[in-house]
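Features reported for this protein in TrEMBL:
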type	residues	note
BINDING	B:ARG102, B:LYS143, B:148-154, B:177-180, B:GLU185, B:256-257	ATP binding site
DOMAIN	B:106-286	domain 'ATP-grasp'
Number of protein chains: 2
Amino acid sequence: MKSLIQDLNKKIAILGGGQLGWMMILEGRKYPFTFYVMDEPDAPACRIADKCFRPEDYKEMIEKADVVTFEFEHVKDEALNYAEEQGKLYPDINAVELKRERWKEKTYYKDHSLPTPRFYVAEDGEEALKILKEEFNNIGVLKQSKGGYDGKGQYFIRGDVDKYLFIKDMKCKFVVEEFVNYDYEASIIAMRDKNGNFKAYPPTFNYNEKGILIYNYGPLNDIRFEEIARRLAEYLGYVGTMGIEFFVRNGEILINEFAPRVHNTGHYTLDSAFISQFEQHLRAIGGMELGDTRLLSYGGMVNILGTDKVPPEVSKFGKVYWYGKSEVKKRRKMGHINVVGEDLEDVKQKIDNIISLIYPEGFDL
Amino acid sequence: MKSLIQDLNKKIAILGGGQLGWMMILEGRKYPFTFYVMDEPDAPACRIADKCFRPEDYKEMIEKADVVTFEFEHVKDEALNYAEEQGKLYPDINAVELKRERWKEKTYYKDHSLPTPRFYVAEDGEEALKILKEEFNNIGVLKQSKGGYDGKGQYFIRGDVDKYLFIKDMKCKFVVEEFVNYDYEASIIAMRDKNGNFKAYPPTFNYNEKGILIYNYGPLNDIRFEEIARRLAEYLGYVGTMGIEFFVRNGEILINEFAPRVHNTGHYTLDSAFISQFEQHLRAIGGMELGDTRLLSYGGMVNILGTDKVPPEVSKFGKVYWYGKSEVKKRRKMGHINVVGEDLEDVKQKIDNIISLIYPEGFDL
């Protein structure tokens, strides 16, 4: 007889040992999986892995593993490529490739008629400033094509182009994008398994500041987000969990970017759903059926950024996930707090209470 | 400023490394706790502890720990006593003491007017059989006072006293109890913190066979269970999570027994509640506020007993918790499957589906 227990007796290697890998292991421990992590030994996921491999030992880890995944797409390229060559990488390199350069991701949306803000690709800084002037009247966003995430390498220019003349000398590729004066930001967490089955959680409302997520909550009831996620997942032949971030402007929804991995705006599924985004990812790449994505409760999340001063009162309102990072740094995601509630208003109130407790003097980002 | 993160930077030692300790650690990993476990290295909780101590090293572990708890009350007595002497044991030795001998537990209920089946204490087997005849007309239950759990050391006698004459020569104490022809079994999971705050989850319907829980589901809406739990917890000055099992007969509720620890009938709280029984236990003994005990969903649980043949289809209906025990044995709890549902009927249907898949030929107990 086929048994799930023997089926799942698999070695899953995770490239990157941050909080996303840490939660993947926390959620996967209930199954017979063995977890390898590639990172330094004090990384959150390394501390709870069955075995931690240093980045230079990536080949050994990948050869020993049955399945390789990643918790961060900007991890050591050689390791991602090697796992792909070995036929073990989920999601596969196509999804990673789009994230290696912004122009590829944006162009992919355009080529597949997926809605995204208007943009142009510039070969260097000089061309970027020229496009900004000619196409956008000096109001827009210049994004370095390579190496930008968490708001890095992005310049929001609102007519004050004089301050940004240094960009003229930059020899890298840029994406020049319209400035979207959005009503709100949103995201969806979706997943697809090896047989092509697709599921998604309800979308959420997100609040970012300086390129970093502060809090999110949901559900947001609008089926269009799921339709876009389904199309993207199918075009990519995607396997695993993904997150897609959107701008919503006058009822129009536009993809800001997607992440080929579990996502910060899906942490609320640890508590508001029966099966979390982390478990769904493991189910997809490990060869199980995807679980139900209906929410059991209204829910949300607040990030703990750049501090370990968390007043004990927060546990009245929510559940703390503390990643155990070795050092507190400005803007660093140290942990998060999940909340559930009777309705959106209740969730939002709890989030506000938690924010007042953790950031009594505002965010220091 | 007082910070939860520094507050919870505590070493929690767990006596016993079975699945209850394993789930305590899984649920506690999100906090800054460090976990020690006393058991053999291949025990489920030892495999994921920060440090595993062999039973003979209990003193070292207890001295290094800030707080000591147990996942099983019939664990090494010297360790429980030593932790109590050091003032580190939660719940304390009073609760354990009642479980060391059944007559003490039963007498405690009687002395505190807590409802329990009618019983007498016998000094040996001869007296037990005499009481059975005189008080119960040879229909009743004889329970060895010491060392009995999971249905061990219990004799259900229904007039066929001839088969049990060997008891006459047994020199141990017995509890002689009326046979309760119950309508159903139920239980409640309750908890109390160091400041005397008390909470309880809604009760559940339980199904046991041969002294082992097969499945349970809830909620069962009846406030009387909580009132009894509150009284017991307050009488004992209890700190931590407890489980109380009941018989329900013609609307009357009777305590069968209590467990001074997290309990098999509370596993459903991992998925049906925001804060699980395991996290509540850690909150109580670790000095946090207790969390909400309202259910987010109808839910239940099926035990995986004595087999590792788990058809993959079960993951359509529920979430598998596989304890990773080194060997399959008859009657051994190898794992369990949690389900959630729209209503009790939906939960019960999923439980039935899972039972048909795991036990196609019935239970082998």
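Heads up, the Cβ atoms here are built off N, Cα and C, so glycines get one too.
Curation does not apply to TrEMBL; its annotations are automatic.
Remember, predicted model here, so these are calculated numbers, not experimental data.
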In DSSP terms, helix, strand or coil for B:ARG102 (ATP binding site)?
-> helix
The average per-residue pLDDT within the domain 'ATP-grasp' (B:106-286) comes out at 95
Let me know the most crowded of the binding-site residues, choosing from B:ARG102, B:LYS152 and counting other Cβ atoms within 10 Å.
-> B:ARG102
Around the Cβ of B:GLU178 (ATP binding site), how many other Cβ atoms lie within 10 Å? Please give the count over every shown protein chain.
-> 16
In which DSSP state, out of helix, strand and coil, do we find B:LYS152 (ATP binding site)?
-> coil
Could you tally the C-beta atoms, other than its own, that fall within 10 angstroms of the C-beta of B:GLN154 (ATP binding site)?
-> 16
